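In TrEMBL this protein carries:
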ACT_SITE  Glu1196  active site, proton acceptor
BINDING   Cys13, Cys15  [2Fe-2S] cluster binding site
BINDING   Ile158, Ile159, Val160, Gly161, Asn162, Thr163, Glu164, Val165, Phe238, Asp261, Leu306, Lys343  FAD binding site
BINDING   Gln701, Phe732, Arg846, Gly1013  Mo-molybdopterin binding site
BINDING   Glu736, Arg814, Phe848, Thr944  substrate binding site
DOMAIN    130-316  domain 'FAD-binding PCMH-type'
Amino acid sequence: MEQLDEYFTGNLCRCTGYRPILDAYRTFTSNGTSNGTSVDNNSEVVGGGCGKADCCRLMKTEGVYNNGIATTTDTTTTTTTTTHDGEWSCREGRHLHQENDFTPYDPTSELIFPPELKVRRDLDDEYLVLRGRQVTYHRPTSFTHLIHLKHLHPAAKIIVGNTEVGVETKFKQCVYPVLINPTSVKEVTQVTLTNTGVQVGAAVTLTTLQEALILHTNSLPEYQTRVFSAILEMLRWFAGKQIKNAAALGGNIMTSSPISDLNPLLMAAGATLTLNSTEGGERKVALDQHFFTAYRRNIVQPEEVLVSVHIPFTTQNEYFHGYKQSRRRDDDIAINEYFHGYKQSRRRDDDIAIVNAGCCVTFLPNTTTVSKLSMAFGGMAPTTVMALRTMKELKGRAWDASLLEEGTSLLLQDLPLAPSAPGGMIEYRRALTISFFFKFYLSVRGHLSVSVPSLVPTLTSDELEVTRVHTYKHPSSAQLYEVVPEDQPQLDPIGRPRVHTSALKQTTGEAVYVDDIPDVKDQLQAAFVLSTRPHARIISIDESRALAVEGVVAFVCHRDLTEEQNQLKFPFDDEKVFASDKVTCVGHVIGLVCAEDRKTAQTAAKLVDITYEDLPAIITIQDAIKAKSWWEPKTIIKGDVNKHLNNNDNNKNNDNKNNNNLILQGEMHMGGQEHFYLETNAHLATPGKEDGEMEIYSSTQNPTLTQMQTAHSLGVDANKVVCRVKRMGGGFGGKETRTIVACIPICVAARKLGRCVRVALERDEDMVMTGGRHPFFSRWKVGFTAQGVLTALDMDVYANGGHTIDLTASVLERCIFSLDSGYNLGAVRICGHACKTNLPSNTAFRAFGGPQGMLFMEDIMSRVAAYLNIDSTLIRQRNLYQTGDLTHCNQLLENCTLRRCWQEVLEQADYSTRCQRVRDFNSNNRYRKRGLAVIPVKFGIAYTALFLNQAGALVLVYADGSVLLSHGGTEMGQGLHTKMIQIASRVLQIAPEYIHIAETSTDKVPNTSPTAGSASSDLNGMAIVNACETIMCRLEPIIASNPKGTWKDWVSKAYMERISLSSTGFYKTPDLVPYNFEKNEGRIFNYFSFGAAVTETEIDCLTGDHTVLRTDIVMDVGDSLNPAIDIGQVEGAFTQGQGLYTMEELLYSPQGALLTRGPGAYKIPGFQDIPREFNVSLLRGAPNPRAVFSSKAIGEPPLCLASSVFFSIKQAIAALRSDQQQQQQQQQLSPVFRLDSPATAERIRMACQDFITAKIETSPPGSFKPWSVRV
């Protein structure tokens, strides 16, 4: 399992929530079991059994079920109960797969490494030189040749893993004519043990370094290897296995990155570097404060080669510890020198540091007097720096509280940070340096209490918690669902956990995406020319330099279209295919370069010269509010708000808690989110030979929009354009409308040139061009009783829509329609403003505006609870909806299962018991806190645009009995095609294997609605039912005449009798009534999906780091069509929401340029971020009469439940603030406080106000130009 965890580090998934991936791969491990279970290092079973009904781990022994889990063989139903100790027990329906269904192991099919690909030493030891048009690559085999090449080419880059140079050449357009690979030179690839330490060749990979240090750590005395242990600990968080296999130690040093994880450790440890050159010979330099001279600059001369790095042993008077608990041995008593390494990043694993540090201290023997102190920090300057004054002033001081106090003050002087410094987070980064020093101080005190116990008392329990390092624990999980009735035919797949139809193809890499379609003759590749200004007039466009590049065929821009054709008509007409007279955001499409290959096109696109005249720009919501820059506001009014909120002063007349007219007011900002679908925008346009035809293969959720807009821009009818979608590698709403900004231009180019044109955006291009989830801001005033029952809400919400309206109006409507979350609000006035700014247009994203509106409401509930000093769970419960209630939009709630979900999740999570445990933990821990939050969800299902609530299908039955199914939905990994096949299988009463879905295409099903809004299964499923029932009706006489026949018999007979075996199907959602804002009436939604979640989180109050300990979810999906897919959707949506609320942060410059482009700067959750225990239960016995086969939509609602992570974090912060208030350290800490989303490590830490944050001075807004702004 440890190997599996290491290899998964750094691998990202946006769809699954990681649990299914871990479950699958665990079945291949020696100590793992299936179904989300594993065996930990102490040989204790974590989770359930192997999946077999007779698993020994689940057998009953002396009246007790092993592992606390009872499984019976009764398959008639699924029940979920909680035992007295909080363990789960269930009857079947717990495992989504059975291990005994796997293909039996065949030793003869064991995979081997292909012999043809094995390294051949005879070839590998030869000198190699490759000469290209721009670059020459050398691989010398001797040290003499290596330094000779560097002498001949001083500007040459020495590469091993190419992890830095590759990024620079691809994204920074750097050109390095000469590259030298030294991996065949033994002098730079060896690890040698010396009398004083370990000599590591500069070209030694991090994996080799790791293996060598582990070997020496296990074989040498512990006191000698403390530096090694610290480096090993840092390498654990450094990168994934694949990166460590390629990246070299020397590269970490020579790139001179100010946030290198290893440089602070090496610098603090006193590492020595060996350099060599042809003329200068060998020289040794210390890796100290003089080595780095400027940003990514050092003292190494151009002709010199870094040969090796000497990492010294620690002595028996020295201790080195790399942010982990070290091994304890008897000789630890004599330790007089201590070393610790620290790192804080946005994501725990495989992420660059915000701040890191290496700290080393040596004491005079048998004293607490400092004889030497060494501290190096990254992320606090353009280079890795040492705290020189602190090191000097603390020498000779006793290691006591006064040293801590003076050390923190000195560090703030040693490590100043300008308010405009790159990277931002100024106060947080400064606080981290002190937090690290405080952790170091306590860790060293803990060791001193052992080595000189008469001088230093032992650490208290909460101080020991500070020194505890994060340890990854293999996550466990459980999935519960209702099994199908015993009398359901085995042929009927509805309700059964069936495998995704593309699962095997995707696993093996055989699944075809747009960029996998083979190149065709005369094909061209395209690259975009994008605006670099947020708002400016275009004075001129000069493409001459681009056209001069060999291989470039054409430049396409607004000049190739009429003004009418250049105007995008769908969904609105406020945007152009190509910017013509002005640009209105950074990333605005100006033109397109077409070339023979992708690299040439990308290079040439950067040579197109644009002359601008800058215009005033609106970037943030606050800018928009000031300028009143928005489209028409939308307002919901219910009841008399003023009657309950006639008090203008916050908290006025609230002193009496028995007052039934209490009032609070506040504000909250919620950041946006990047879709980060793993397949970026990819499109292929093939012009027809006649009649202006165009065929498009597109990665889009909206084939009809693509078809219609292409037809408009090409000046042809829609019947001349066909858009095909095989599958997408994720969409999440980002490919609903914004794909046209990439797709339409290549269609224009294909028509102009008469050649096939394709484009696949780079990740940074996709992020800049296509927008994301809307940032929102709210101002509110709420009325409530002393018992916490809401009486009124008055709120203004603002959405940053970007430079065009796109779907912002609909997103805003969804926000205000969903803002009640699961609560009866009383009187309401909610006004929504769609702000027009100079950012790329924000657009649809999973759950539309629901997460923003619900978060604002849940924040109000948490503040009301904090004000009243009542458990927030009780406040929420007192306001929950129930069947028969009217929403704030006056829609009647029917079959409302919200309270059932709420009660079941409380029981499943053993909420009451764990509440007490959290309180106990918080009372015993000062610097770590836990929070436990319960959050409901009520999510309306239907498009708020009435006309979209329709779908079509086409069913073709062939004479051999096979069925080709087409419908209007697109497959983006969510399992829609799988469910549609199951639905057709039930109606046609045939095995799913008879049915195939080839693609979604506008020439099969016309006028399709986008695959969005969680409604696609409902709409397309009913259309398929309609088409299949038509065919079955035609077959009735055939079946009646031969009731014992087979499907193939009946189909063959029908064909021979000339009975039509094809049918279209259609469905429109009944009973929907458009919403009337003036009257506050209408039936907006077909029904509501309900659910509830309980999440427990632990935070490190000193760094802002957090760990999700456990999440329990109960979700109402009606009668599930496919429990495996539905549970996967719950987990995937929750994990994406977890990123939204805690980690994913889009940062923009004051000029509107996106700063967080790509995975290096923008962080989505990884394997180690999911809850350590993740339990999902589908509500049983809750059929939904308003959707296909009594099911419910599932794609979006669970995302909103991830706010339970946010509010558990907020509760943990509140516990810390309560402590500080009681200790009178911060007398102004109100229990009612604002925490904006996402709850990043920065926001968590700075909300945990303490003696450290009190020392950090802040610069007043307006006195400096910030590196980034909150949009």
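Yeah, the Cβs are placed from backbone N, Cα and C, and that goes for glycine too.
Within the same chain, residues at least 6 positions away in sequence whose Cβ sits under 8 Å from that of Cys13 ([2Fe-2S] cluster binding site) are Ile21, Leu678.
Cα separation, Asn162 (FAD binding site) to Phe732 (Mo-molybdopterin binding site), rounded: 33 Å. The two recorded residues, Val160 (FAD binding site) and Arg814 (substrate binding site), have Cα atoms 51 Å apart.
Proximity to Glu1196 (active site, proton acceptor), defined by a C-alpha to C-alpha distance within 10 angstroms, is shown by the following binding-site residues from Gln701, Arg814, Thr944, Gly1013: Gly1013.
The most crowded of the recorded positions listed here (Glu164, Glu736, Glu1196) is Glu1196, judged by how many other CB atoms sit within 10 Å of its own CB. Across the fold, the C-alpha of Leu306 (FAD binding site) and the C-alpha of Phe848 (substrate binding site) stand 53 Å from each other.
Around Arg814 (substrate binding site), taking its Cβ as the centre, 27 other Cβ atoms fall within 10 Å, counting all chains. Between the alpha carbons (Cα) of Cys15 ([2Fe-2S] cluster binding site) and Phe732 (Mo-molybdopterin binding site) lies a span of roughly 9 Å. The two recorded residues Glu736 (substrate binding site) and Gly1013 (Mo-molybdopterin binding site) have their Cα atoms spaced 10 Å from each other. Proximity to Gly1013 (Mo-molybdopterin binding site), judged by a C-alpha distance within 10 Å, picks out Phe848 from the binding-site residues Ile158, Glu164, Phe238, Phe848.
When the C-alpha distances from Arg846 (Mo-molybdopterin binding site) to the binding-site residues Ile158, Arg814, Thr944 are tabulated, the minimum falls on Arg814.
Counted over all residue pairs in Gln701, Phe732, Arg846, Gly1013, the record's binders of Mo-molybdopterin, the longest Cα to Cα distance measures 12 angstrom.
Report note: the Mo-molybdopterin site is defined by Gln701, Phe732, Arg846, Gly1013, and the residues of the same chain whose CB lies within 8 Å of the CB centroid of those residues, excluding them, are Gly731, Gly733, Gly734, Glu736, Ala844, Phe845, Thr1011, Ala1012, Gly1195, Glu1196. Largest Cα-Cα distance over the residues recorded as binding substrate, namely Glu736, Arg814, Phe848, Thr944, equals 16 Å. For Phe238 (FAD binding site), the nearest neighbour among the binding-site residues Gln701, Phe732, Arg814, Phe848, Thr944, judged by Cα separation, is Phe732.
Among the binding-site residues listed (Ile158, Glu164, Arg814, Phe848, Thr944), Phe848 has its Cα nearest to the Cα of Phe732 (Mo-molybdopterin binding site). Taking Cβ-Cβ distances under 8 Å and a sequence separation of 6 or more, the neighbours of Ile158 (FAD binding site) in its chain are Lys150, Leu179, Ile180, Asn181, Pro182, Gly250, Met254, Val305, Leu306. The Cα of Gln701 (Mo-molybdopterin binding site) lies closest to that of Phe848, out of the binding-site residues Glu164, Arg814, Phe848, Thr944. Rounded to a whole value, the Cα-Cα separation of Glu164 (FAD binding site) and Arg814 (substrate binding site) is 44 Å. For the binding-site residues shown (Gln701, Thr944), fewest C-beta neighbours within 10 angstroms: Thr944.
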